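Trainee: Attaching a single structure in structure tokens format; questions to follow.
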Amino acid sequence: MASGVAAWLPFARAAAIGWMPVANMPMPIAPTEKNKRADELIVLNVSGRRFETWRNTLDRYPDTLLGSSEKEFFYNEETKEYFFDRDADVFRAVLNFYRTGKLHYPRSECITSYDEELSFFGIIPEIIGDCCYEEYKDRRRENQERLMDDDEDKKDAKLPNMTFRETMWRAFENPHTSTMALVFYYVTGFFIAISVLTNVVETVPCGATPNTKEVTCGDRYTVAFFCMDTACVLIFTVEYLMRLFAAPSRYRFMRSVMSIIDVVAILPYYIGLVMTDNEDVSGAFVTLRVFRVFRIFKFSRHSQGLRILGYTLKSCASELGFLLFSLTMAIIIFATVMFYAEKGSTSSKFTSIPASFWYTIVTMTTLGYGDMVPKTIAGKIFGSICSLSGVLVIALPVPVIVSNFSRIYHQNQRADKRRAQKMQKARLARIRISKTGSSNAFLHSKRNGLFSEALELTSSIEEEQHLSKNQSLLESQHHHLLHCLEKTTNHEFADELCYEQSYLEGALQSYPSQSPSLSSQEGMTGTCCTRHTKRNHAPLPNSSIPTCALSHTHPHHNLQELSTIHIQPLNTSRSSLNMRVDEPARLNCQSGTITTAIISIPTPPATTPESDAHPPPPGPTLQNVVKVSAL
Amino acid sequence: MGALMVIFSLQKDQRRKRTDSVEDELELSAVRHRPEGLEQLEALTRFNRKELQILYRGFKNECPSGVVNEDTFKDIYSQFFPQGDASTYAHFLFNAFDTDKDGSVSFEDFVMGLSILLRGSVQEKLNWAFNLYDINKDGYITKEEMLDIMKAIYDMMGKCTYPLLKDDTPRQHVEIFFQKMDKNKDGVVTIDEFIDCCQNDENIMRSMQLFDNVI
């Protein structure tokens, strides 16, 4: 129900007069206000502060505490007011929600106390207006992080009954949990450092023997370096295998970045072992050794900051992409210009455009090596323009990256981002549900309404009252309005499922009729169209119509009623009685309405679908436009 | 150089705040409308004081500035018909309510329209309905005008209907309407034909009484 515009409902109903001359059928009866009382002021006493408002204002949102009869629990007979022992400041925001339809979040309030008040008064936080929603979400996230940090400290306590595998995994992830883990952590760190150092020192020229040229240490102490390398690789392999064993999800572990780095770090060694000392492949072998430098990335397990840096770069991918793109554009432009400017000068280093790329890059990043300099005047002018624009182009995306990094560094997590996305999805889902809820409310009440009308005829009045208690007057008036529209257009509202099914069946209509073994039913299958079961269908003899034929929520027997023919009946709700085969007598005398069935496929003739009293005919039912009287 | 960039980025937030205030000032000088006094409205319409109070409170709540423009009107009306698109019909309604054609519905327009619809005689109500259908206000309802109105009404149903809405359903409905209303078969419906025919139609007469106790 459009509660925010409840005040305009009388206007909408009055405007419905515009439909009357157009409608071909009589309109349904308007709901009457059983106990119409004049609008009165009610007093809400919240911790001593008195708020007064009209009763109608609170009735706008009947599914909250103040809008429903739940507030009667708080009514104080002596003082004739409603007393709430809650925070008066937050109550202001709550009451303003009723008055204006928008919920605001007062920034000075603590987020948890605000949440508590909202849940006390039965208001979902998702309807906070857009003006305050971001602030609300930010505060909420900070609060949850704080709680999470507290949890982290608690998490380190060892849970009882952990398997050996789980203990090992926990030891790998949090080195502080046990001494063994700490030892392992430091040992691996040490070996990573040794390995990196070895790689570096290998290439340093180590004392020369007088008659030959300088050799690198690696070549001089080959065996020693080889042993060092082997030891490191062994440790790394063992570590990797242990992690693989302990990982709770091996597949996910193998896909993770850290494990890929591990593999890349140790693989060259094994490949080198396998390959023989062939001259052709030794070149490739040397290249492989380059990959050993990736071992340095293994330090990221040991350093939080390094992980965050990596994460920042990943999250700023678009800014980095933009930076790269704009740089490339600028480089090409300036390289071309410089090439043509310097073409005239003699002994110019700008031999081709690609050769000018180097100059452009060095100039734009303000490096200025000086190995290529322009000599012509035009070249110098363009060169200066190049260096000035280089500063600009590089400076633009960098602050974004910097601010991203600082934000992430302070907030600290990729898990946090994933959680935020889930909450956004949940919020949108809840808003969508509440929106479809309003349109579905009409459909639901239609079914209930038909149910209650059928109940009237069995003269069980108590049940009828029980059913209609939930609808407020506003809702019933709104539904009456929608009902009038249906009558005007001779079509009914259906929900999405029915629409799709009828659409599909409409598509099927082009084929000739299929198995006539099923009876003459209208072809609505599925659980959504329960109300259609109440319309003109002759139930199958073998279907289990319960004697209490009012259980309209039995869609099971619908599944048997697969009909290929799409009959489009338009009948009033009274025909719901037709389904009660067990009481044909009563059926005959009470359902005295005329129904118009319009069917669209001209195929073999069939009997009327309204002949409920008779057993269903074997063939499919079709007719042209027919006026059929319900028996 | 990097430090300079960081400083620039921090400063840009402050600059944004200054430009916003200029736009805010423009908003403040928007239209504010105060309606006639209660006594005058009581004389002009058939509502009593209490009813006018209730109506005005609801009106002002939704439109604090005192006038409704067409977009707000469409917004409000669409909330009653969540499944379909009520904007076309709301457009026609807006034109029917906006009697002085100034592009906005003030409280006087609103309450005078309601007075006719809820407290007027049958003749007046039918007159109002004719005015709604006659889009160009030339005194005749042509088939095209009726088709526009019909499409607008069917749009409000949305697409999830049972039975499925076909493309020519509005047109068929218009044909039925013209068959009923157009007595001399000249292709247009005049006000007299319209009122005559409606007064003779029992269903329509009964429906007109339906909304008598809305307020």
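Keep in mind that glycine also has a Cβ here, set from the backbone N, Cα and C atoms.
Pulled the feature table from TrEMBL, pasting it below:
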type     : residues  : note
DOMAIN   : A:40-139  : domain 'BTB'
REGION   : A:602-623 : region 'Disordered'
SIGNAL   : A:1-16    : signal peptide
TRANSMEM : A:180-201 : transmembrane segment
TRANSMEM : A:221-241 : transmembrane segment
TRANSMEM : A:253-275 : transmembrane segment
TRANSMEM : A:320-341 : transmembrane segment
TRANSMEM : A:353-369 : transmembrane segment
TRANSMEM : A:381-402 : transmembrane segment
Trainee: Counting Cβ pairs under 8 Å to the transmembrane segment (A:180-201), which of A:221-241, A:253-275, A:320-341, A:353-369, A:381-402 comes out on top?
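Mentor: Result: A:221-241.
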Trainee: List, by number or range, the same-chain residues at least 6 past the transmembrane segment (A:381-402) whose CB is under 8 A from its CB atoms?
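Mentor: Counting only partners 6 or more residues beyond its ends, the transmembrane segment (A:381-402) has Cβ contacts under 8 Å with 312, 316, 319-320, 322-323, 326-327, 330, 334, 337-338, 341, 359-360, 363-366, 368, 373-374.
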Trainee: Residues sitting near the transmembrane segment (A:353-369): Cβ under 8 Å, six or more positions beyond its termini, same chain?
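Mentor: Result: 327, 330-332, 334-336, 338-339, 342, 383, 386-387, 389-391, 393-394.
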Trainee: Under an 8 Å Cβ to Cβ limit, what residues of the same chain, 6 or more beyond the ends of the transmembrane segment (A:320-341), are close to it?
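Mentor: Answer is 313, 350, 352-357, 359-361, 363-364, 374, 376, 378-379, 382-383, 385-386, 389-390, 393-394, 396-398, 401.
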Trainee: Can you count helix, strand and coil residues in the domain 'BTB' (A:40-139) using DSSP?
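Mentor: The counts are 47 helix, 20 strand, 33 coil.
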